[in-house]
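Structure, as structure tokens:
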Amino acid sequence: DSLNMRPSLQAVALWGKKAPLHSITAIMITDDQQTMVTGSQEGQLCLWTLSPELKISAKELLFGHSASVTCLARARDFSKQPYVVSAAENGEMCVWNVTNGQCVEKATLPYRHTAICYYHCSFRMTGEGWLLCCGEYQDVLIIDAKTLAVVHTFTSSQSPDWINCMCIVHSMRIQEDSLLVVSVTGELKVWDLSSSINSIQVYDYCDFSLLRTEVSSSGQFFAGGEVLAAHRIIIWTEDGHSYIYQLLNSGLSKSIYPADGRVLKETIYPHLLCSTSVQENKSNPFVMGYMNERKEPFYKVLFSGEVSGRITLWHIPDVPVSKFDGSPREIPITTTWTLQDNFDKHHTMSQSIIDHFSGFKDETGTAVVTSSEYVPSLDKLICGCEDGTIFITQALNAAKAGLLEGGSLLKDSLPHKVLKGHHQSVTSLLYPHGLSSKLDQSWLVSGDRDSSVILWNIFTEEILHKFFLEAGPVTSLLMSPENFRLRSDQVICCVCSDHSVTLLHLEGKNCLLRARKHLFPVKMIKWHPVENFLIVGCADDSVYIWEIETGKLKF
């Protein structure tokens with residue numbers, strides 16, 4: 001049996017002194033108040049430990065999305081299963097176990113969600129519950145929390161539209177649950193969740209009389225809010241501010257009847273008690289939320305995340321009060337933290353493999369690597385740099401030196417080769433033999449910002465040929481599949497930022513095709529093995545079919 005067992009490989013990332021980018025676009029606190037979860041523009045999620053004293057520390061970085069994260073929400077009864085769901089701009093959805101960081105379910109749907117609410121009614125529903133989703137589509141989608149399949153939709157017979165925000169409310173009077181939403185046009189809609197388990201309908205929850213309208217300050221936009229207590233609310237804005245209001249009534253009694261016989265509603269007006277603000281990066285977009293803790297020490301917490309990667313927490317007092325003169329009191333920041341703070345705090349961390357290569361550093365002393373390729377068969381790490389140089393080193397030796405020996409070996413600089421031939425930043429690397437064993441093991445292909453592509457011999461460090469594409473910066477280098485051959489050889493495909501595609505024949509050291517008529521960024525390359533066609537898919541869903549031998553656009 002031991003012969004059939006596959007060896008277990010544990011991947012280790014050595015980040016060095018500089019934290020990876022984590023531009024926060026979504027943020028939440030789990031129901032047990034021990035973990036914060038953030039989503040980022042880069043597609044990663046970060047798990048942060050949250051102490052009872054509201055101190056933050058990064059715990060794990062989760063890789064699961066290939067596009068920016070748009071929203072986060074819990075995906076189960078958290079006391080039974082510590083699951084959260086994340087959604088990305090390209091329709092990807094992932095369910096995560098935040099205890100161990102594992103992705104337990106994933107799916108890609110043709111919907112861009114902007115908000116998700118978890119709903120489960122144990123005595124009415126089977127399964128794991130629903131994810132009620134809204135976003136850049138009409139009305140509300142109901143997605144199964146376990147399988148991530150669409151099971152229902154809540155639709156409006158009148159004025160169907162995109163939904164801007166939503167919340168679930170429970171009526172103590174009739175013991176029913178309802179979904180309240182506000183559309184982008186300002187319409188309030190209500191769906192009865194309790195009866196929707198069997199059938200979907202819209203009903204009049206209550207009279208929804210308008211009690212008061214409060215206009216945000218000039219240049220500010222309200223982004224969300226919560227009820228703190230009876231007649232007390234907190235509202236936050238897109239630029240990172242929040243305001244706590246006491247709702248005061250006018251003193252008019254509901255028993256007063258005006259001349260027309262209608263009951264005169266109470267009139268309320270908000271009195272500003274307190275506010276919060278951030279000191280810096282005010283131009284950054286903020287995502288904010290509020291958590292009313294359900295266990296000791298029973299803190300009320302306002303939290304925010306910034307595109308700069310900073311998390312900020314405020315401890316909201318149980319009874320917010322204004323100053324003696326009636327002016328609003330500023331609530332101080334309790335905690336603020338970034339991923340870089342974690343890196344700066346732990347001075348004993350391993351050094352990055354590239355930290356000690358001289359000549360590849362910017363003004364901060366960090367090596368500016370713009371592209372990289374790992375070749376397992378040779379144990380080579382190949383890094384292209386901003387200044388156009390390429391260095392090659394033994395990857396595992398460097399990793400071991402950084403991990404196990406505290407970087408002592410790195411201080412003397414590890415043996416490495418340097419390839420010099422590019423005059424601009426190296427943007428893309430390709431090791432052809434790693435994709436096809438029939439190709440020369442010594443070949444390396446590199447592309448740069450100046451639209452140059454170089455074929456190297458990595459053993460002798462010599463340039464075999466230099467191609468000048470006369471296009472934009474090379475964004476990716478691809479190789480034709482083994483079942484596609486031109487003159488019995490495989491072909492290298494260069495995609496450039498000006499939407500052009502160029503095919504290179506390495507053996508012949510010549511250019512086969514320059515395809516320049518694409519109006520939008522190239523997103524997909526396919527090869528027709530029989531007809532010698534190159535099929536190019538673009539971001540606007542357009543498709544171009546090129547005849548490789550003649551260079552003609554067929555369709």
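Note that Cβ sites are derived from N, Cα and C of the backbone, with glycine treated the same way.
Remember, TrEMBL labels are computer predictions, not curated facts.
What TrEMBL records for this protein:
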DOMAIN    492-553  domain 'Anaphase-promoting complex subunit 4-like WD40'
REPEAT    62-106  repeat 'WD'
REPEAT    419-466  repeat 'WD'
REPEAT    515-555  repeat 'WD'
The domain 'Anaphase-promoting complex subunit 4-like WD40' (492-553): DSSP-derived helix, strand, coil residue counts: 0 helix, 36 strand, 26 coil
What mean pLDDT score does the repeat 'WD' (515-555) have in the model? 85
How do the residues of the repeat 'WD' (62-106) split into helix, strand and coil according to DSSP? 0 helix, 25 strand, 20 coil
